[in-house]
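The N-linked glycosylation site annotation in Swiss-Prot covers ASN82, ASN99, ASN269, ASN301, ASN311, ASN334, ASN417, ASN432 and rests on sequence analysis. Feature annotation from Swiss-Prot assigns repeat 'PbH1 1' to 215-236. The active site, proton donor annotation in Swiss-Prot covers ASP229 and is backed by similarity to another entry. Residues annotated as repeat 'PbH1 2' in Swiss-Prot: 238-259. Taken from Swiss-Prot, the feature active site applies to HIS253, supported by similarity to another entry. What Swiss-Prot lists as repeat 'PbH1 3' is 265-288. According to Swiss-Prot, the feature disulfide bond maps to CYS387-CYS393.
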Amino acid sequence: MSVFKASFLFLLSSSLVHGVPHSSRASRSQQCVVPSKYQASNGMADDSVAVSQAFAQCATDSVIIFEEGVNYNIFQPITATNLSNVEIRMHGNLHLPQNITAVQNIVSDGTSTWFTLEGPKVDWIGPEDVNNGWIDSYGQPWWDANPAGSSGIDNRPHLMSFKSSQATMKYFRSRKPIAWNVKLHGQDITVSHAIIDATSTGSFPFNTDGFDVEGTNIQITDSIMYNGDDAIAVGADSHDTLFTRNTIGYQTHGMSIGSLGKDPTDFANISNIRFDDVTVVDGLYAARFKSWSGGTGLVKNVTWNNIRVFNVTFPIFVTQSYSDQGASRSGTVNASSAVMMEDFTWSDFAGSINTYQPGDGSCVSDPCWYNVGLPNLKHTEALIIECHTAQSCKNFVTDNIQLYPQVLEPASVICMNATAALNPDLGFTCKNGTYSPLSN
């Protein structure tokens, strides 16, 4: 049994009491059942027009029904930005085009996202039956078409933008996404029991982020994400975010804050972010903070707690000097500036550090992007903390870090500029060498 299937079965057997749609809903008195021409056309006909019509006719106080077990071809992007109090009952299966050139032409013409959904009180509700409710994007040929030395071919679409308030996504399922999965932005959004499967049988699945989050009071729970980038990335101007009871893996880049500060004029404002009770399998990162040097802003009150890691290269990683091999930077940068970090906690970590085969398939630069500034890596590091200045990190706390390298040597640490004066409860002495937690 694969790790992905085992993880799914574990979560399926757990209680399904979370992620229930908000109870204070006005009546959804109208229904639109989306017709499909998929079966009659042997999978050739496009159902995009019918889907767009359903979203137009049932944009308010309605239920839009994709019937259970029915397949739909979505060969054109769907945009529905005037929704209000709508349930999208996704019990069918959606199929994106398999013609790479056709999709690239659509993206190059200006449509970068395949599903754009916007409005208050929007609920995406899939079925408990794992055989249905999928979006099939057929990303494997896209990944395999990526030339050597490149981090993804041009004109790849984002799968979904979901902008709402008092909203729910339950049983969202994405298989072989081309690249980015869901951009969540808004307030009071709950995601539960999602599955994202971006495991590859060939080339690396670049940029297959799970959920990119910007907003207030957003929760993601009881979900599985196997991908080739951040499982969750919390962006600027986010507050009160919870990521809990999830399993993430494959070549995941973990639970991330950022990246922040690429544009020095974009002030980062993030607070009250919690990652709790998460299992990370075979990832490049588990807990990560990433901001560019020269950035501005404040990130405050962030906690990673009760994190189990298995074969993870960088279990705890902080950098305020981030670089992206696939992105250029313009404008004037104040090299002494940094996005400030305050009140960060890493507690109750346990598991194994990937010493034998560290890294992942995303490296196309020399030195590798994730090794930049770290020339003497031993891949026994439990923690890497790179504060940009002696003032940019404040009130860092570590507690009960039980991480061990696969070679069964003592764990090590790389630490820069997390001064004792500003971080009296850091839990270890900030210097490079063997990780030796201080007694309380």
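Glycine is no exception: its Cβ is also placed from the backbone N, Cα and C atoms.
Structural mapping of features recorded in Swiss-Prot.
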residue : record                      : CB count, 10 Å
ASN82   : N-linked glycosylation site : 12
ASN99   : N-linked glycosylation site : 12
ASP229  : active site, proton donor   : 26
ASN269  : N-linked glycosylation site : 15
ASN301  : N-linked glycosylation site : 16
ASN334  : N-linked glycosylation site : 11
CYS387  : disulfide bond              : 25
CYS393  : disulfide bond              : 28
ASN417  : N-linked glycosylation site : 18
ASN432  : N-linked glycosylation site : 12
Cβ atoms near HIS253 (active site) (within 10 Å, other residues, all chains): 27
Nearest recorded site to ASN334 (N-linked glycosylation site) by CA-CA distance, among recorded positions HIS253, ASN311, CYS393: CYS393
Predicted model, mean pLDDT over the repeat 'PbH1 1' (215-236): 99
Cα-to-Cα gap, ASN432 (N-linked glycosylation site) vs CYS393 (disulfide bond), nearest whole Å: 17
Residues satisfying Cβ distance under 8 Å from ASN311 (N-linked glycosylation site), sequence separation of at least 6: VAL281, ASP282, SER352, ASN354, GLN406
DSSP-derived class (H/G/I helix, E/B strand, else coil) of ASN311 (N-linked glycosylation site): strand
Rounded inter-Cα distance in Å - ASN82 (N-linked glycosylation site), ASN269 (N-linked glycosylation site): 28
Spatially closest candidate among ASP229, ASN269, ASN417, the listed recorded positions, to ASN99 (N-linked glycosylation site) (Cα to Cα): ASP229
